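Listed in Swiss-Prot for this protein:
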- Lys11: active site (ACT_SITE)
- Asp139: active site (ACT_SITE)
- Pro97, Val98, Ala99, Ala100, Gly101, Ile102, Gly103, Gly104, Gly105, Ser106, Ser107: ATP binding site (BINDING)
Amino acid sequence: MSLLTTRAPAKINLTLHVLGRRPGDGYHALESLVAFAEVADTLELLPGRDLALEVSGPTAGPAGPLDDNLVLRAARHLAAGVDGLRLGAFRLHKQLPVAAGIGGGSSDAAAALRLLAELNALALDHPAVIAAARATGADVPVCLDPRARMMRGAGEEIGPVLELAPLPAVLVNPGVPVSTAPVFKALGLAVGQRLDGAEHPGVAAGLDADAVLGVIAPARNDLEAPALTVAPVIGEALALLRAQGGCRLARMSGSGATVFAIFSDTAAAQAAAGAVRVAQPGWWVEPTRLA
């Protein structure tokens with residue numbers, strides 16, 4: 001069979017409400033409206049007998065040891081659940097920053113599962129595919145079919161596709177990797193403790209851009225404040241985006257350090273990206289659309 005290819009887009013938390021810390025397992029219970037960007041890693045699979053991975057691209061260096069890569073971890077989980085699973089050699093081209101709050105590794109893992117599902121004629125809702133996604137990481141299930149939807153719990157509750165209008169946006173990462181654990185530690189919730197705050201607004205399917213902004217503007221990312229104590233440069237990135245013409249909303253994604261801003265139109269987003277690149281030439285800056 002010939003080479004298979006798919007994209008692994010950045011996952012953006014348009015909202016991220018932390019409801020509390022669950023008494024049973026200690027995980028943080030979340031509600032998040034998730035969208036996906038046009039900017040992405042690329043994953044290829046050359047079918048063959050042995051499982052292998054090669055990583056290249058501008059952010060390949062920080063991606064860590066190959067044996068621990070989520071692409072291989074996801075493939076191994078699926079192979080454990082499907083007898084005789086056909087495998088092969090993966091080639092991952094890394095464009096997305098690592099430890100950045102945009103689910104790059106999770107999206108890569110989900111891309112691997114999509115390619116293996118295609119190779120083995122498995123549906124994405126096949127129990128073994130879902131189980132492999134959950135076993136690989138909390139954000140992997142929502143990345144299997146990368147379209148806007150609600151995510152709840154510790155990532156295991158995935159809502160239906162919302163078919164939201166594309167949002168012109170700019171993604172900015174100030175080049176500081178941020179691990180999730182220190183951010184949740186800074187949030188400081190004890191097991192069983194709930195976090196005060198307004199409930200997440202309801203999100204209807206098929207909203208246009210103005211309606212999406214109307215939903216997410218009064219919402220929040222509850223990890224933004226603790227992340228600022230871990231990496232204060234996040235605040236600089238947010239301020240720089242908010243100063244750009246046409247910026248309608250700027251917020252951190254995930255546990256950081258990537259931030260995003262939604263703009264009035266594509267031209268404004270392109271202009272803002274150019275201005276941020278001039279102001280901070282060492283930062284990762286990408287104009288894109290979120291949907």
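A Cβ is built for glycine as well, from the same backbone N, Cα and C atoms used for every other residue.
The secondary structure of Lys11 (active site), as reduced to three states from DSSP, is extended strand. Using a 10 Å Cβ-Cβ cutoff, Pro97 (ATP binding site) registers 24 neighbours. Of all the Cβ atoms in the protein chains shown, 29 others lie within 10 Å of the Cβ of Gly103 (ATP binding site).
Across the structure, Pro97 (ATP binding site) and Asp139 (active site) place their CA atoms 16 angstrom apart.
Ala99 (ATP binding site) is 12 Å away from Lys11 (active site) when you measure Cα to Cα. Across the structure, Gly105 (ATP binding site) and Asp139 (active site) place their CA atoms 9 angstrom apart.
Take the mean position of the Cβ atoms of Pro97, Val98, Ala99, Ala100, Gly101, Ile102, Gly103, Gly104, Gly105, Ser106, Ser107, the recorded ATP site; other residues of that chain with a Cβ within 8 Å of it are Ala10, Lys11, Leu96, Gly254, Thr258. Residues near Ser107 (ATP binding site) in space but far in sequence (CB under 8 A, at least 6 apart, same chain), listed by position: Ala8, Pro9, Ala10, Lys11, Ala40, Asp41, Leu96, Cys143, Pro146. When other Cβ atoms within 10 Å of the Cβ of Asp139 (active site) are tallied across all protein chains shown, the result is 26. Residue pair Asp139 (active site) / Gly103 (ATP binding site) shows a Cα separation of 7 Å. In this view, Gly101 (ATP binding site) is surrounded by 29 other Cβ atoms within 10 Å of its Cβ, with every protein chain counted. There are 21 other Cβ atoms within 10 Å of the Cβ belonging to Ala99 (ATP binding site).
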